[in-house]
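Undergrad: Below are the features I grabbed from TrEMBL:
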- Thr10, Thr11, Thr12, Gly18, Asn19, Gly155, Arg156, Asp157, Leu195, Lys202, Met203, Ser204, Lys205, Ser206: ATP binding site (BINDING)
- 11-19: motif ''HIGH' region' (MOTIF)
- Asp143: L-tryptophan binding site (BINDING)
- 202-206: motif ''KMSKS' region' (MOTIF)
Amino acid sequence: MTIRVLTGITTTGTPHLGNYAGAIRPAVRASEQPGVDAFFFLADYHALIKCDDPARVARSRLEIAATWLAAGLDPQRVTFYRQSDIPETTELCWFLTCVTAKGLMNRAHAYKASVDQNEAKGVDPDDGVTMGLFSYPVLMAADILLFNAHKVPVGRDQVQHLEMARDIAQRFNHLYQGDFFVLPEVQIEEDVATLPGLDGRKMSKSYNNTIPLFEGGAKALRGAISRIVTDSLQPGQPKDADASHLFTLYRAFAQPDEVAAFRRDLESGMGWGDAKQALGDRLERDIAPMRETYNELMANPGRIEDILQAGASKARKLASPLMERVRDAVGLRTLGAASAGAKAGGKKAAAKAARFVSFRDEDGSFRFRLLAADGQELLLSESHANPKDAGQLMRRLQDEDVELREQDGQVHVILQGAVVARGVSEAGRIRQALESLRQE
Ligand code: TRP
């Protein structure tokens, strides 16, 4: 089974070396793994919450897109798009907003931090807090749930947002009695490099200690390296490699044998000037070819636009059928057309009865589940290439006598000798649910 992995990048800044080693490089590598269906998007709606400088938002979208592509992201393989090109995002965001408890949002760390600061300053607790900031987690939930992502790789600061996304998904599924949304799981990258900046603290724009990735070319990269703080040991004096940020930076890019050689050189008295030269050379080996692609892309923004548009239409092919279901579920239906919900007599009747729920699997095949009256999953059908076959089978399960065979802790549903569905619940419950459908 393929795992759908999705993550968003807020478009407010220019990626630096720390972003590359800590986020971009591991994400691109992970997207190349077999069995991974990766979704990466530019979270430019989120950018508006943090930044009201249009030029900066526009520039950052371009730079971040070019950086990810230059870093090897393959837009054929992954779905790479801009959040603002997916109108379904804001539509879903509203539906989710309507089921999200305000109290849940009150507990969001980012919002609470603003309130705490305001209280410390003695001003109104909500001073400077926009509805965008307050509802930030709902928009993020919409990003994730719209594509039924299984795993969401993020930094630790985002863990609470993932919990909220699960909470919101569960609430919607429960309220509207269906399996509309997968409950996403957070994925914390444990062993990715956190690079030290020029002063040895974590490399971060807010510390003003970053090493540029592509901006300013090789000159800016070398210039920044020359400003890395070292101790005052002279050439010839042995250096403590493990205490040096230079060494940490080198290690984040070099192979083990290169790292061992660099360590030996430092320990046997290499001067800091030479060490900086060696670090610059090693970084350039990785970065120069990517920088070339980056510069080419930056000179041809139309090409990036085309790639992002293609990504958006790929993404919308998935988003639009889901939104059809969601609209129908909440009651926004074409007038006069019978809908799944209406046929079942609306939400109340649907809530009382066992029911089949059909869905489209990641591989494009058609399947369905049998859910008990309380929403518990009883059966999962085999895959069908054709939705009609799946529909027909649903009817037969309802109308014909089926055999339930217990095997390896699973219940197999057998029709004319073939396993057509599998369940995890007891045979008795499944039988009961099927019978209740027959009486309808
Ligand atoms: N909030 C995330 C961050 O600041 C960015 C983001 C927006 C995101 N939507 C997302 C991450 C959806 C993962 C999934 O890092």
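Backbone N, Cα and C atoms are what each Cβ position is placed from, and that goes for glycine too.
Bear in mind that TrEMBL entries carry predicted annotations, made automatically and left uncurated.
Note that this is a predicted model, so its numbers are computed, not measured.
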Undergrad: If you measure Asn19 (ATP binding site) to the residue listed as 'L-tryptophan binding site' at Cα, how many Å is it?
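TA: Counting only the Cα atoms, the answer is 22 Å.
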Undergrad: Which binding-site residues from the set Thr10, Thr12, Asn19, Asp143, Leu195, Met203 have a C-beta atom lying less than 6 Å away from ligand 1?
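TA: Close enough to ligand 1 are Thr10, Asp143.
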Undergrad: Whole-number Å only: compute the distance from the Cα of Thr12 (ATP binding site) to the Cα of Asp143 (L-tryptophan binding site).
TA: 18
Undergrad: Cα-Cα, whole number of Å: Leu195 (ATP binding site) versus Asp143 (L-tryptophan binding site)?
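TA: With distance taken Cα to Cα, Asp143 (L-tryptophan binding site) is 29 Å from Leu195 (ATP binding site).
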Undergrad: Taking the Cβ of the residue listed as 'L-tryptophan binding site' as centre, how many other Cβ atoms lie within 10 Å?
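TA: If we count other Cβ atoms within 10 Å of the residue listed as 'L-tryptophan binding site', we arrive at 25.
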Undergrad: Check Lys205 (ATP binding site) against DSSP and tell me helix, strand or coil, would you?
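TA: For Lys205 (ATP binding site) - judged by DSSP and reduced to three states - the answer is helix.
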Undergrad: Neighbour count, 10 Å Cβ-Cβ cut-off, for Thr12 (ATP binding site): what number do you get?
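TA: Around the Cβ of Thr12 (ATP binding site), 21 other Cβ atoms lie within 10 Å.
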Undergrad: Just jot down the residues in the same chain as Thr10 (ATP binding site), at least 6 apart in sequence, with C-beta under 8 A of its C-beta; none if empty.
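TA: In sequence order, Ala43, His46, Ala47, Lys50 meet the Cβ cut-off.
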